[in-house]
Amino acid sequence: MICFGRTRRHEVLETIRRRTVVEDVRVPVPIGTDDIERQLLAYLPRSYSGKANASADCSKSKVSAVSAVSDCRTTWIRTDKGDPHERFRMSELLVSGGQVLLPDLSVERVDVLLDRDRGEIVDVGDVGGGDDELDASGGLVIPGLVNAHTHVAMTLLRGYADDKPLDAWLREDIWPVEAELTAEDVRTGAELGLVEMLKSGTTALNDMYFFMPEVVDAVEQSGMRARLGYGSITVGRDEDAAREEMRDGLAFAREYDGAADGRIRTAFMPHSLTTVGEAYYREFVPEAREAGVPIHLHANETTDEVDPIVDEHGQRPLAYAADLGLLESEDYLAHGVHLDDSEIDLLAERGAGVVHCPASNMKLASGMAPVQDLLDAGVPVGLGTDGAASNNDLDMFDEMRDAAMLGKLAADDASAVDAESVVETATRGSAEILGFDSGWIEPGANADLAVIDLDAPHLTPAHDLVSHLVYAARGSDVRHTVADGQVLMRDREVTVFDEQAVRERASERARALVERAE
């Protein structure tokens, strides 16, 4: 839904054609699909669809108001006094008054100017200006965190099944209840997870699950950035059903890549090397390459995954994966816990990424990933929470601390997986694996950031703010969250969902889901 209809749009265009100069007037202009005024359209912002929350009825809006920027996801153009050729300007947001984490991980007290139309950072420094301002006083402005592997709708299964190893947990608890999921369950669970991530400073995610068009809709409404894919599984299916499962995954990747004005990208996501048969990889991996989408899957998460591949194929899992046509530079694996030196070398040689999920790996007793070895070898490493059913939250601050602690234990070295490396994996590292121009604060990067409130006992004194991000900060310390230049949470209030309504729907959906499964 767009906020103003065709009639209103044509009134605005007619006003502009007449070169009317209006004193300090802001006119909301949605983008239509008709091809008129090409030169004008080059100046206009991209459109955003969907209502932000239950209180904003965009379809009935007829008056201009600054609040409509956040409520209806509409950006403004401005007509100013003076030269009519100067009446177009970008819509800017100034993030001011705080300290900023720069790409070299130094911290300086500077402002950040965002272009909301293009969703990019314009300038960093003593810049001033801006049509709107976001107060970062007493805070630290950081790149938005990037959750590079999750199953977001599994928030409905938070606390449903705990204290079991992965294989038993999946086969005895998770897969049976997932068989009862409906599209509306997934939509509601996704909304709950997106709210949770926004409230803890995450601006982008990678999600593998089912009923993925529902996740697309939720992500589009959220304003976040995402790489999405359907988790195809062929084990336990006859040949026709298995092939259809793989076709569904590829069809989703083709159809939805570039959705939400480019904020949503897709990937082909076969579940793992043990849950998808060899023949199906050999048939569909070439089609994914032809479609131009990356491939994401679980790999080497437990010894129960590794050993059967070695026994059946006589080679390590990643050598088998390479033989199947996987592990190209755009591909990325979740977990990578049980990797030997040959597999680490193979990843480094081919440029494929690994997403570390320390909390899930600890909870399921999967093992300790060799993160420092991966970093030393030059393998791209990102960070993810996995699903809320095996974590049990989606807080990337928790994940950063877990990554640092577990990485030191795995390496038997207190200097391993240091705070700087962990912040890199949670921001730039994850973003680069997913193909996003975010994860750092500098001109030209995506305008994705979070403001951390430093006014807290556990963040005092401020000897080293990078250390605090990893070892002391919490998701609840996030004051503001911005993605694509839009303020998605301001002063702890999410602007794109009715949080209370989402929580109530999720509780009811989760209760009904478990009743059906049991």
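Note: Cβ is positioned from N, Cα and C throughout, glycine not excepted.
Note that the structure is predicted; figures quoted are calculated from it, not measured.
For reference, TrEMBL has these:
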{"type": "DOMAIN", "residues": "140-487", "note": "domain 'Amidohydrolase-related'"}
{"type": "BINDING", "residues": "H149, H151, H298, D386", "note": "Zn(2+) binding site"}
{"type": "BINDING", "residues": "E178, H271, E301, D386", "note": "substrate binding site"}
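With respect to Cβ neighbours within 10 Å, the binding-site residues H149, H151, H271, H298 differ, and H271 shows the lowest count.
All protein chains included, E178 (substrate binding site) registers 22 other Cβ atoms within 10 Å of its own Cβ. The predicted model assigns the domain 'Amidohydrolase-related' (140-487) a mean pLDDT of 98.
With a cut-off of 8 Å between CB atoms and residues at least 6 apart in sequence, the same chain places H149, T150, H151, A334, C357, A359, S360 near D386 (Zn(2+) binding site), listed in sequence order. Here the CA atom of H298 (Zn(2+) binding site) lies 18 Å from the CA atom of E178 (substrate binding site). Listed in chain order, the extra residues whose Cβ falls within 8 Å of the Cβ center of the Zn(2+) site residues H149, H151, H298, D386 are T150, M208, A334, H335, V355, C357, S360, G384, G387. The separation of H298 (Zn(2+) binding site) from H271 (substrate binding site), Cα to Cα, is 6 Å.
The Cβ of E301 (substrate binding site) has 27 other Cβ atoms within 10 Å, all protein chains considered. Look at E178 (substrate binding site): DSSP puts it in a helix.
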